[in-house]
Amino acid sequence: MKNKMIFPGPLSVVQQHRSQKFYYIFNLINGLSYMCLGETVIILLAVKIKSSDAIVAVLGSMSFFGYLMLPLGKKLTSHVGAVKTQAICWVLRNISALIVASSAIFYWLNLTVPAIFLLLGGAWLFYGFRSAGVVMSQPLVGDIAAEKERGRVLAISNALFFGSCLLALLGITLLLQRNQSIWILVGVIAFGAMCGIFASAVFYRVDETAALRDSAGKALGADFHYAVRSPSLRKQICAVFFVNLGTILLLPISILALKRGYALNDFEILKFALLQFGTSSLMSLLTGRLSRHIAPEKILLGAYAALLMPVLFWLFAPGQYVFWYFVPLWGIAGAATVSATNAATHYFLQSVPVAKRIAVSIFLSIFTGAGAGIAGMAVGSGLLKFCAGIAGASDPLTQYRWYFLLAGVLLFPGVVLISRLPHFQSHA
C-alpha cells in the first residue's frame, strides 16, 4: 500500500469531507463487525463454556486492559501513519476474534482449561489490537474535521456505528431464537471477523496529515511530564478513569446477573442488548446537538450519573423476572455509555493543545483505559467472590444485590471528580 493519503499540510475542505465520508462508511461496517464480536457475544460464549463469574468479570475489563498495547500502535504509526496502522491492526484484531471462537472447539473436546485460556487470550489480543489501531483516533478526528464540525462528525459516526450494531444484533437475536447452539455463536463471530477485515480496507482511504506520523515518532517524555504536572489533565484522567471503571463494574455484570440470577436464555439477554444499542444510536445523534449548547464536561457528568443507575435497579430488583422492570436499565445504559464516550472525546479536543494531543492521548488512554481495566479486573472479580461468600446458599440474586451496592459505593466519588472538571474554550 502506498502512503498517498498522508499530506504535508492541513487537509483541504474537500479532503476533509471525503475522509469524513469514508470514516462514516467504516463505522457503519465496523458496527456490524463489532456486534458479532463484541462483549455481549463473548460473554454469552463464556457462559456456554462454563466460565466462572470471576472469568466473566475479567472479560468485562478486557476491552480496557487492551490499552496496554497502545505503545505498539504509536511505534507503528511513526513508520506508516495513523490510517495504515489502524488498517493493519484491524486485520489482526479480527484474526484474534477467530482465536476466541476456537475456544468452542476445545470445549467440545472436553478441554475446558485450554478453552478458557483461548477465550481470555484471544479476547485480550482482540481488544489490544483495537487499542493499538486507534492510538491516534482522537487526533485523526482533529485532522479530518474542523473545530466546529467535530461534535457533528463524532455524533454521526457513532450513530452509524450503533445503528449498524443494532441491525447486526437484531439478526443475531433472530438466529438465537431459532437455535441457541454454541456453533451459532461461533458462526456469528466468524462473520463479524470477515466484516471487520473489509472495514479495514475502507478505512485505508481516509486522508491524514504528516503531523500524526511525525508526532508519533517523537519522544514523549516532555509531553508526559506536561500531562503529569497539569492539574486540569490530572482531573481529566481521574474523571475518565471512573467512567471506564463504572462501565466495567456495572454493565457486564448486569448481563451476568440476568443470565445466572434469573436463569434467562440467550434470546432474552439479546433483547436488552438490542435496547441498549438502539438508545446508544439515538443518543449519539442527540449529544451531537447538545454539544452545541452544553459544555462537554456537563454532558459527561450527566452521563456518569446515569451510568450509576443500574445500582438502584439491582438493589430493588424483583425476586421473579419481570421484563419491563429492566427495560429502563438498558435504555439508560445505552444512552449513558455513548454520551460519556462522545463527551470525553469532545472534552479532550477542547482541553488539550494541538501540539500535545498525540502524547496526551496515549498517556490518557493508558491510565484511564489499561488502568481502569486492571482495577476493574481485580475489583470486579474480588467483589463477586466476596459477595458470593456473603450470600452463601441463598437466592442467587442476593449475591448480585450485594455486588451492585458495594460497586456503587466505590464509584460514587467519580461524581465529585467529574463535577470539578474545569471548562475550556476550544482548541483548533
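Placement of Cβ uses the backbone N, Cα and C atoms for every residue, glycine included.
Caution: TrEMBL annotation is automatic and unverified by curators.
Taken straight from TrEMBL:
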TRANSMEM  21-47  transmembrane segment
TRANSMEM  53-70  transmembrane segment
TRANSMEM  91-109  transmembrane segment
TRANSMEM  115-141  transmembrane segment
TRANSMEM  153-176  transmembrane segment
TRANSMEM  182-204  transmembrane segment
TRANSMEM  237-257  transmembrane segment
TRANSMEM  299-317  transmembrane segment
TRANSMEM  323-349  transmembrane segment
TRANSMEM  358-380  transmembrane segment
TRANSMEM  400-418  transmembrane segment
So if I exclude everything within five residues of the ends of the transmembrane segment (358-380), which remaining residues of that chain have a CB under 8 angstroms from its CBs? That is, six or more out.
57-58, 60-68, 70-71, 74, 131, 135-136, 138-139, 212, 215-216, 218, 220, 223-224, 226-227, 233, 236-237, 240-241, 243-245, 248-249, 252-253, 348, 352, 407, 410
Highest Cβ pair tally under 8 Å against the transmembrane segment (299-317), stretches 21-47, 53-70, 153-176, 237-257, 400-418, lands on 400-418
Please identify the stretch among 21-47, 53-70, 323-349 with the greatest number of Cβ pairs below 8 Å relative to the transmembrane segment (153-176).
21-47
Which of 21-47, 91-109, 115-141, 237-257 contacts the transmembrane segment (323-349) most, counting Cβ pairs under 8 Å
237-257
When counting Cβ pairs under 8 Å to the transmembrane segment (21-47), the leader among 53-70, 91-109, 182-204, 237-257, 400-418
182-204
Could you check if the transmembrane segment (53-70) is in contact with the transmembrane segment (182-204), meaning 3+ Cβ pairs under 8 Å among residue pairs at least 6 apart in sequence?
no
Against which stretches of its own chain does the transmembrane segment (400-418) lie, if we need a Cβ under 8 Å and a gap of at least six residues from its ends?
235, 238-239, 242-243, 245-246, 249-250, 253, 256-257, 261, 297, 300-301, 304-305, 308, 310-311, 314-315, 317, 379, 383-384, 386-387, 390-391
Is it true that the transmembrane segment (91-109) and the transmembrane segment (182-204) have 3 or more Cβ pairs under 8 Å, skipping pairs fewer than 6 apart in sequence?
yes
